[in-house]
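So that you can see what the record holds, here are the features copied from TrEMBL:
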DOMAIN    62-514  domain 'Major facilitator superfamily (MFS) profile'
TRANSMEM  7-25  transmembrane segment
TRANSMEM  141-161  transmembrane segment
TRANSMEM  168-188  transmembrane segment
TRANSMEM  194-215  transmembrane segment
TRANSMEM  227-247  transmembrane segment
TRANSMEM  253-273  transmembrane segment
TRANSMEM  340-361  transmembrane segment
TRANSMEM  373-390  transmembrane segment
TRANSMEM  402-420  transmembrane segment
TRANSMEM  426-449  transmembrane segment
TRANSMEM  490-507  transmembrane segment
Amino acid sequence: FCRFQIFFYFICAFQNISCGIHYLASVFMAVTPKYACRPPGNVSWILFHNASSSRLEDIWALLSPGQEGHVAVQLQDGTVWELSGCHRSWREDALRLEYEYSGSKRDFPCSDGYIYDRSKWESTVVTEWDLVCHREWLAKVIQPMFMLGVLLGALIFGYLSDRVGRRLILWSTSIGKFLFGIAVAFTFDYYSFMVTRFLLAMAASGYLVVVFVYVTELIGMKFRTWASIQMHSFFAVGVMAVPLTGYLVRTWWLYQIVLSTVTVPFVLCCWMLPETPFWLLSEERYEDAQKVIDTMAKWNRASSCKLSELLSLDLKGPAGSNPSEVKKHNLLDLFCDWNIALRTLTIWLIWFTGSLGFYSFSLNSVNLGGNEYLNLFLMGAVELPAYMFVCIGMDKVGRRNILIFSLITSALICGAIMVIPEDYHVWGMVAAMAGKFAIGAAFGLIYLYTAELYPTMVRSLAVGSGSMMCRVGSIMAPFCVYLTSIWISMPQLLVGIVAFLSGVLTLKLPETLGKPLATTWE
């Protein structure tokens with residue numbers, strides 16, 4: 001981890017910030033403010049319980065926290081209407097404006113649109129395209145559809161990086177993140193917004209999967225643990241940037257543009273990234289691998305080594321000039337025998353569990369009471385000590401033991417959250433941060449652990465397929481949060497069960513502490 005590795009590591013790690021940003025940008029971009037049906041004319045007077053006003057824009061100032069009910073308005077033509085969230089009623093025989101009315105009424109749909117509370121957000125995608133009432137489900141699928149794009153991107157780009165190399169995928173996905181990130185802000189309707197966000201998700205996921213493999217293969221074993229785990233710290237910084245930007249920029253399309261500019265520095269210098277010697281060797285491109293080794297030695301002011309001597313190769317022979325004969329691998333290689341199949345299924349379950357818990361805690365943080373911006377910021381900030389804990393603990397007690405401890409601890413904390421009364425907001429937030437700490441440690445560790453468990457020829461495929469299962473969990477996380485309408489503790493119950501099961505199954509995985517990266521199956 002000398003000059004060469006440090007330089008390219010921080011270039012790649014900086015780009016991870018934008019991944020954290022895009023993954024959770026919808027928390028505020030797609031927020032649903034308070035709303036009511038718009039009346040069919042100009043308003044002369046408004047009444048809500050005992051409060052009154054003459055301006056429609058002041059309607060939300062009349063509502064106290066937690067207070068519900070219809071809004072009575074009198075139009076300039078003298079008619080009186082009751083406004084609710086998804087319908088409006090005309091009082092047929094009303095002679096004057098009063099809040100309670102027992103006469104006959106006629107209900108009408110909200111054909112004139114809606115009135116939104118703009119005290120916190122000037123506009124969101126919900127207010128932009130009226131994603132409320134019968135269109136509310138369109139707002140609820142924004143985050144799951146993004147995660148579906150992340151799932152496909154992880155599988156596709158993980159596969160491609162083993163075919164065309166890590167460097168080309170890092171280039172293409174980074175440029176794609178910038179272009180699609182800006183394009184999202186200029187979409188003209190809901191469906192173009194969803195398609196563009198889907199492509200953005202694929203690009204962000206492709207980068208996130210491949211960059212961990214890239215860093216793992218570029219850095220020596222002594223510093224591999226710290227370097228790969230701290231990549232997640234940059235992702236956490238991106239999560240922390242979301243509430244900060246959301247607090248400062250209250251218009252969704254401007255908010256999206258500001259967040260997307262984080263990618264610009266990387267796009268300007270990504271052409272400098274070298275290919276990893278591990279991938280070049282797996283493709284039998286020995287001369288190209290030797291060039292990278294020589295460049296690395298020159299940067300680090302160290303003596304180079306000859307791959308032909310280390311590996312007993314003839315670089316000018318047919319093996320060094322005919323990479324087309326290299327065997328190609330696919331997903332079935334992760335199930336080549338019973339032990340490897342069991343290992344793969346266990347790793348997939350851990351990826352699923354980590355993602356389900358990670359995004360359930362993050363997305364639900366805005367519903368814990370208090371300041372929603374501060375809540376999400378703290379949920380991102382608590383990841384930083386979690387990754388430091390992983391870095392220190394893994395090299396002392398091993399990867400597997402830390403993973404088991406984190407998963408079992410997160411399951412126990414989920415059980416503790418279930419017994420905390422709803423009115424204890426501070427304690428609920430503290431417990432949620434503890435749960436995010438534990439599940440974040442497991443989530444951060446699984447990238448490195450997976451890369452160490454599989455040989456070079458299928459390493460990126462293994463990480464990519466694991467990330468695919470991870471995104472199944474992230475797709476389910478928003479729906480898991482929605483289950484709070486059935487039972488407030490349902491998300492914690494589901495996360496706790498799968499975390500405990502994952503922790504038990506991890507006991508059967510091998511330890512990788514102190515072992516070099518494998519180039520073939522053992």
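Glycine residues also receive a Cβ, built from the backbone N, Cα and C atoms like all the rest.
In this chain, the transmembrane segment (426-449) lies in contact with the transmembrane segment (227-247); the count of Cβ pairs under 8 Å, excluding pairs fewer than 6 apart in sequence, is at least 3. Here the transmembrane segment (402-420) has Cβ contacts under 8 Å with residues 350, 353, 357, 390, 393-394, 427-428, 431-432, 434-435, 438-439, 441-442, 445-446, 449, 489, 492-493, 495-497, 499-500, 502-503, 506-507 of the same chain, all six or more residues outside its ends.
The recorded stretches the transmembrane segment (340-361) and the transmembrane segment (194-215) do not share 3+ CB pairs below 8 A when only pairs 6 or more apart in sequence are counted, and are therefore not in contact. Packing against the transmembrane segment (7-25) from elsewhere in the chain are residues 1, 146, 150, 170, 174, 177, 181, 200-201, 204, 207-208, 211, 214-215, 218-219, 227, 230-232, 234-239, 241-242, 255-256, 259-260, 262-263, 265-266, 269-270, 272-274, 299, 362-363, 376, 380: each is 6 or more residues past its ends and has a CB under 8 Å from a CB in it. Per-residue pLDDT, averaged over the domain 'Major facilitator superfamily (MFS) profile' (62-514), rounds to 84.
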